[in-house]
Amino acid sequence: MPGGAAPPVGADTLRVEAPVTMKAYLMCVFAAFGGIFFGYDSGYIAGVMGMDFFIKTIEGPGALVLPAWKKSLITSILSAGTFFGSLAAGDLADWIGRKFTVILGCMVFIVGVVLQTASASLGLIVAGRLVAGFGVGFVSAIIILYMSEIAPRKVRGAIVSGYQFCICIGLLLASCVNYGTQDRDDSASYRVPIGLQMAWALILAGGLALLPESPRFFVRKGQLDKARVTLARLRDQPLDSEYIRDELAEIIANHEYETSIAPVGGYWSAWMVCFQGSIFNSSSNLRRTVLGTSLQMMQQWTGCNFVFYFGTTFFQQLGTISNPFLISLITTLVNVCSTPISFWSMERVGRRPLLIWGALGMVICQYIVAIIGTVKPDDDNCVKAMIAFICIYIFFFATTWGPGAWVVIGEVFPLPMRAKGVALSTASNWLWNCIIAVITPYMVDSDKGNLGAKVFWIWGSLCCCCFLYAFLLVPETKGLTLEQVDQMLNETTPRTSARWVPHSTYAGGEKAEKSVQHHEEKVTPSGSDGESQV
């Protein structure tokens, strides 16, 4: 929203959303299941690349390790697919809807998994991961958008954090399956971990088929009757509830206000809306796009995926660990057990403080690991201390930057550009994911850069950047509706955002209310959106 403008003043800024019921909460929570196959797909490859049978399948009899360029290619090709899949998802979500874009992504993902499961050579597994990457791109971009748009404001941070928790569950499941199949001397050692991914995609697609579409999607399409029905289902309220009337009026008014300020035209102009305004204006579309894309970049800069993608092979290279698969499983368990803390802290502490102090905690842990790896890399006790601080570093990531980056990008974009803004942000995540996956083997492998644990000097320095970034640029959005976040960004700076309180509504005038009344007579309690009822 351009600076200087203000929405119409309304009397009641609190009655813009219905109370949270258990049914409404569970409907929103299920969408977070999308994180499981995202996490599983990210996690299984680290173990598979360390399996003897897989190495011999790709390299031939007698091979002990995969060369750096093959590890780089196998790992990064998924991220390349997700980058383009995320960008395409922005258009699809505005065309066919949020939930159907995710379902389509599940189907594409299954095709990629089938190719990988059938593979017995490098070419087919690379092709399969590329295709699966497109599906993961669809899901990872739009599931955040979908959850942010349907979740009640009081639990939105916790629900979107649940997505990160499901990513951790996926990583844990992948580690457990890898641990169970690592010693098999047949193709099942890698085909079982790969093929199991299809189950997660089928569960997500089947469940979403029963859930309602985002009411904000229907408002964007001008289908207010369907928006009212789906909103009533999501809030577990009757169609004639004043809560539904007030919330829908606010969504409509905000959308009409935003489109009046920055009208959306054809295909290219719709994308150009994301880059309107000044970079120095904290509420401009350009500033929001930069915030979303750079926040996801910073999340990758924390070095998290170094541990999750290359943890097994990294622990193997230390030379003092007898069972690197078990250590990888432990680090994944720390990730899983730590993430639920963010369900509480994201709403009580807030997004901004968590990102600031989480970055500082990661800096300290990573520099300690780097110092140990530089001074005494071959000492057994020092390596144990190194692993302990890697686990503490993962704790800080899992409770702060892991979920926090996803929560914020789902909140800061106005409705006319929200799908494309979230798509661009997610694409940034996968672009940097790809870059890190490509370069990491060349930095740490013994036949290349041979940095080993010294690579944590790099991750620690990048986390210093994350600390400064969060302090200077990340706003506080807890406890606000998406429409109130829009208003807050217009009136504050990141460092003063935590003190902002809602004082007006976009629906303070009569325009949106009349629009709702005009469409009320078209709505019937049976659900005119044609979707199955939950």
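Placed from the backbone N, Cα and C atoms, the Cβ positions cover glycine too.
TrEMBL labels come from automatic prediction, so no person has curated them.
What TrEMBL annotates here:
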{"type": "TRANSMEM", "residues": "24-46", "note": "transmembrane segment"}
{"type": "DOMAIN", "residues": "27-478", "note": "domain 'Major facilitator superfamily (MFS) profile'"}
{"type": "TRANSMEM", "residues": "100-118", "note": "transmembrane segment"}
{"type": "TRANSMEM", "residues": "124-146", "note": "transmembrane segment"}
{"type": "TRANSMEM", "residues": "158-180", "note": "transmembrane segment"}
{"type": "TRANSMEM", "residues": "192-211", "note": "transmembrane segment"}
{"type": "TRANSMEM", "residues": "301-319", "note": "transmembrane segment"}
{"type": "TRANSMEM", "residues": "325-343", "note": "transmembrane segment"}
{"type": "TRANSMEM", "residues": "355-375", "note": "transmembrane segment"}
{"type": "TRANSMEM", "residues": "387-409", "note": "transmembrane segment"}
{"type": "TRANSMEM", "residues": "421-444", "note": "transmembrane segment"}
{"type": "TRANSMEM", "residues": "456-474", "note": "transmembrane segment"}
{"type": "REGION", "residues": "508-534", "note": "region 'Disordered'"}
{"type": "COMPBIAS", "residues": "510-523", "note": "compositional bias 'Basic and acidic residues'"}
{"type": "COMPBIAS", "residues": "525-534", "note": "compositional bias 'Polar residues'"}
Do the transmembrane segment (192-211) and the transmembrane segment (24-46) share at least 3 Cβ pairs closer than 8 Å, excluding pairs fewer than 6 residues apart in sequence?
yes
Within the same chain, the residues 6 or more beyond the ends of the transmembrane segment (355-375) and with Cβ under 8 Å of it are 302-303, 382-383, 385-386, 389-390, 392-393, 396-397, 399-401, 404-405, 408, 452-457, 459-460, 463-464, 466-467, 469-471, 474
In the same chain, residues at least 6 away from the ends of the transmembrane segment (24-46) whose Cβ sits under 8 Å of its Cβ atoms read 18, 74-75, 78, 102, 109, 129, 132, 136, 139-140, 143, 146-147, 150-152, 155, 159-160, 162-175, 177-178, 193-194, 196-197, 200-201, 203-204, 207-208, 211-212, 233-236, 305, 308-313, 328, 332, 534
Would the transmembrane segment (124-146) count as touching the transmembrane segment (421-444), if touching means at least three Cβ pairs under 8 Å and pairs must be 6 or more apart in sequence?
yes
Report, as numbers and ranges, every residue of the chain located at least six residues beyond the transmembrane segment (421-444) whose Cβ falls under 8 Å of a Cβ in that stretch; write 'none' if there are none.
68-69, 71-72, 75-76, 79-80, 82-84, 86-87, 89-91, 93, 133, 137, 140-142, 144-145, 148, 274, 285, 288-289, 292-297, 299-301, 303, 305-306, 309-310, 314, 317, 405, 409-410, 412-413, 450-452, 455, 458
Are there at least 3 C-beta pairs under 8 angstroms linking the transmembrane segment (100-118) and the transmembrane segment (158-180), leaving out pairs fewer than 6 apart in sequence?
no
